[in-house]
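Student: Once you've had a glance at the structure underneath, I'll fire off some questions.
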Amino acid sequence: MLFKVSLSSFKKLWKDYLVLLFGLIVSISIFYMFMTLAMNRDFLQANSLINSIMFVFIVGAVILSLITIVYIFYAISFILTLRQKELGMYMMLGAKKSKVTRLIFFETMSLGVIAIALGIVLGIGLAMVVADMMMQQIGLSSEGFYPLYVPSMLITFVFYITLFFLTALMNAGRVASKSVLALLQANQIQERTIKAGAKTIFAAFLGLVFLLMGYTSLVLTEQLREIGVLVSTFATTAGTYLLFMSLFPLLVNGLKKNRVLNEKGLNAFTLAQLRFRAASLTRVLGTVAMLIALGLGALAGGLAFYHNIVQQSGMMHYHDVIIHDPVDADEQALNQMQPEEQARYRYKMTEDAVYLAKEELVQQPPKYLEFFKQSEPPRVVTPSEPLTEAVYTAFEGEETHALLPRDWLAAIQIELNLGYEMVGGRNLFVVEHFAEAPGDEHQIVIAHVDNYLQYEPLLLEIEKRQMALVQENVEYGMEFTGTAYGAHLNLKVNTGGTIFMGFFLGVAFLLMMASVLMFKLLSSGPQDKQRYEMLRKIGVSEERLSASIYKELFPIFAFPGLVGILHVIVGMNLFQFIVFDPYEKLWIPIAIFMVIYGLYYYFTVMLYKRIVLPKEA
């Protein structure tokens, strides 16, 4: 019997359930993907260098789980709101309260099981796609990676089924605590309105002051450091909630008092609807604005790290290609790149020392990058200190030979890749009589090309061959060479997890955030239905009523959206310490947000119209 009643309810409200399921499935699939990428033990052992990435995914799963708790609360409450009158009718017709509470518990758990099953299936596909993208981007081995991973499935199932169980208990408790009359009249609750008194005006002023404090702390993060982060977090959050609890109702009241605007078309009704909503929506709109800031911030932060990889790796080396002992394949790759500048040097290496030919260095001094100011990009310079001695050493403790000038040491270690990454702890000598130096002779070729990343496949193959030399020369295994592309790969590994987590966490936040606002607005639909029916009966056309709904819901979506975007634009200052230009291509995450948000606005209007303007029989 319970199954038949639930099935009948699902058929009637299937579009509402579909919206609810979509948000839940997205959350579950991303959670499963994070846990799968973080827990594949064989995959981690085959790629030991990405342990830091895995920790990032675990953190992402924790953050996602916290916002999911809020989302599920709003989502399930929305379904219960739509069904309260129906449940009251069942009880009035003789159904026992225990049966009705079991019904709502059964429906919530059934919905949860369906969402978990579909979410895990989608999560398996996501894990395959994201893992493949990571392997291609970072050059990982796919050995040991299993997208269908039982431990991740168990953790996902246990976590979400527990959430649904608690939510089902809460819903059943809410139904059990209400009388039949309360359920039947659940949609007849009168909304309170906020008047523009002294308290409201003071709260609006205080909200603006807090926001100004928060934004100032974000802009001056470099000077305020940790205190600035703490102040901005508290002040911006407090200011946002005060702004929506006071200023939003004041703005709506101001529009309502505008006679010209109020008397045009159905604006009097539309603004009255907005005025009724203002008090009940203030906290939700504040929460939505903060969630927009978090979601959009995660997207923008992830993309900022992605753009930073190219910028930062390009600021470490002037020469894009550094090859020790080039083989035929290296020479062919170099020819394909068509270098703008190229130079070759010889060196000899023993068990404890490396000897460079002074004559070749003086004839072709290697250019290198040097920072003169922290806020400015590096400049291309060449070593200027004259080399007048017959022998120079890089070790300060070597008293028998002259110390190699700092500019020459920087050029040799960085641009010729003769630092620890390639030759280990060997001492470095620059000698005038190179032929007399001990050891086997080696060659270095360095080159500067235009946009080295367009030759990434060639550079990756060169990197692999150079790593074989590193393993021979360095006692403790290095993961990357000290070349420009080695630095690029290193940054990819260290920030790759953050980039992927930021993107998916941002999308999940934005989807669930928009859903929270959608559910809150739709839950008031049954209360508004009578008002729209009255307008229908006195002859107002459906087109004008539809236009009124678009106008009514637009400011409710637009206001928190604009505040959230403003938070992100100012808040990106926090990344100034980590990335070179956090604002580069910021329009991309903002555009993604606007598409997601715009779609949710459209679907909310469509679903709201189904509730308040049902098709006439």
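Each residue, glycine too, has its Cβ placed from N, Cα and C.
Whatever TrEMBL says is automated annotation, not expert-curated.
If you look up TrEMBL, you'll see 59-179 marked as domain 'ABC3 transporter permease C-terminal'. Here TrEMBL flags 17-35, 55-82, 103-128, 148-169, 201-221, 227-252, 284-306, 499-522, 553-580, 586-608 as transmembrane segment.
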Student: Is it true that the transmembrane segment (586-608) and the transmembrane segment (284-306) have 3 or more CB pairs under 8 Å, sequence gap of 6 or more?
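Tutor: The answer is yes, given that the two segments have at least 3 Cβ pairs within the 8 Å cut-off.
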Student: On the 0 to 100 scale, where does the mean pLDDT of the domain 'ABC3 transporter permease C-terminal' (59-179) fall?
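Tutor: Mean per-residue confidence for the domain 'ABC3 transporter permease C-terminal' (59-179): 77 out of 100.
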Student: Is the transmembrane segment (227-252) in contact with the transmembrane segment (148-169), using at least 3 Cβ pairs under 8 Å (sequence separation of 6 or more) as the test?
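Tutor: No, these stretches are not in contact.
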